[in-house]
Amino acid sequence: MSAEGSKTTDVPIEDAIDQTGFGLYSVLYILMTGLAIIAFACISYSTTFILPTSACELATTVAQQGVIAAAPVVGLMLGAPFWGYLGDTRGRRGTLMLSLLSTALINLVTSISVNWIMLLIFQFLATIASSGQFMLAMSLLSESVPLAKRNIAVLVVTSMFLPAQGLMGMIALGIIPYSFSYYLPALGIYWNSWRTLQAVFSVPSIVMAIGFYFMTESPKFFLARGDEKKALETLRIIHRRNLWGKKEEYEVKTLLKNNKKESETQRPSVKDQIVPLFRAPILKFTIIMIALRLLEGVGSMQIWFPTIANKFMQLLDTGASMDITVCEVLNTGINTTPAPNVVPCSLNSTAMLIVLASGALQSAINVVITLVVNKTGRRNIVLVLTAFCGVCGILVNLVPNTIASAVLYVAFLQGYLVVGLYTAISVAIFPTHLRALAIALTQSGGRVGTIATIQILNYLRDVNCEAGFYIFGTLFTCSAIVAAFLPDDRRLIKKKLAENNK
């Protein structure tokens, strides 16, 4: 119950959500959101597994692989504002379901690509379709659970998202090694293991679209659109499902209406949604969050992680010298005699276990963050993570030992944890009626940086690999300076709670 006790009329929306409780339905919503984010990862990260395994059939060069790897990032960047606008004006839940279904359909078409250009185009379209899923799911969750539990809910979902790439690796290990091949004369292609893997990556999106059909829309969205009746109806459903088996009545009768723009009954135009993000006092937060996303180059390093892990295991199998760095491993020509029972261009099973282990480590660290975040604050954790992981990235190629260099590389990748923290911070600092679009725009800023980073890294990998780590390690370290200008989110939460209890 809220601090307002018996008050049942003109209840602030945050307090009304608090009165729905935190129970079975809230836990289910967290689980559904986490699985939706994994479905998103299966599309946006599929390239990291499809590229090396399809290389033999499609005969792709390193340059072509670099273009294909960047295409999904471009799609995520271009599509996110569109889905954010739809989410803010048409509803989070329906928009999310549309995104999931369209993504699955396009990704299925991708599995029958006849050449690398078709693969490029449909990977691009699939990621445009999926680009809104992360922020739509996060917005739905953050607007459906009590404020006091919101930090933990978002970070738990992030913990589910972090090992997604490793889980995809495990799925790949269960499919890629098989050498079946069925000719499809109508298309002139062979249906084989990598095409099957691409199709399987569509399954989570289909399942989650069905799952969200049975969930509720955000009560905040309904109130923001001026529909108090639907907002109250949604709150009653959440309350009833949270108290499954109990007959306690939801006591809130009316909600406090906001006189600000977020209570306007007419759907705002694109201009009405975007312009406030670039005006004071929100402008400062928009600039900071875009800058933080631009400086976050760890995601690009993560895209190449399966390839690097595969090369690392190949080096270990040859028994070569271990007095070299990660970049020297990448530049070392490794000649191995392929085993007769191994599918060409398949990935090393131990390498995939390393990818999974890294994701598990990220999840474990995120659990620790979840336990301390309410005391330390998200901004302060960002300061520590960016500074520490950035320095590790700089040191990767200064340590002339393969194992130590690899450990520093994995430590650098842990910086990817800031993505969930950035989302949680955005949820806290942007108002409801601008939130989905704000998250989408700031993510788009990050994806601009990712596109550039992928191409730069792809070029430097053969020309000057070490420079890539020095540059992006330094930029990531500088994120700590930018993040220092954010407000302490612990004070923001206390302020909101105080306002709701007045």
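Note: Cβ is positioned from N, Cα and C throughout, glycine not excepted.
As annotated by TrEMBL, domain 'Major facilitator superfamily (MFS) profile' applies to 27-491. Annotated transmembrane segment per TrEMBL: 27-51, 63-83, 95-114, 120-141, 153-176, 196-215, 277-295, 351-373, 380-400, 406-430, 437-457, 469-486, in sequence order.
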Local confidence of the domain 'Major facilitator superfamily (MFS) profile' (27-491) - pLDDT mean: 84
Feature contact check the transmembrane segment (95-114) with the transmembrane segment (153-176), CB under 8 Å, 3 or more pairs: no
Whether the transmembrane segment (63-83) meets the transmembrane segment (277-295): three or more C-beta pairs under 8 angstroms: no
CB contact flag for the transmembrane segment (120-141) and the transmembrane segment (277-295), at least three pairs under 8 A: no
Chain residues outside the transmembrane segment (380-400) and at least six past its termini with a C-beta under 8 angstroms from it: 292, 298, 301, 323-328, 369, 372-373, 408-409, 411-415, 417-418, 421-422, 425, 465-466, 469-470, 472-480, 483-484, 486, 488
Long-range Cβ neighbours of the transmembrane segment (95-114) (under 8 Å; 6 or more residues past either end): 36, 39, 43, 46, 58, 83, 86-87, 122-123, 125-126, 129-133, 136-137, 140, 184, 187-189, 195-196, 198-199, 201-203, 205-206, 208-209, 212-213
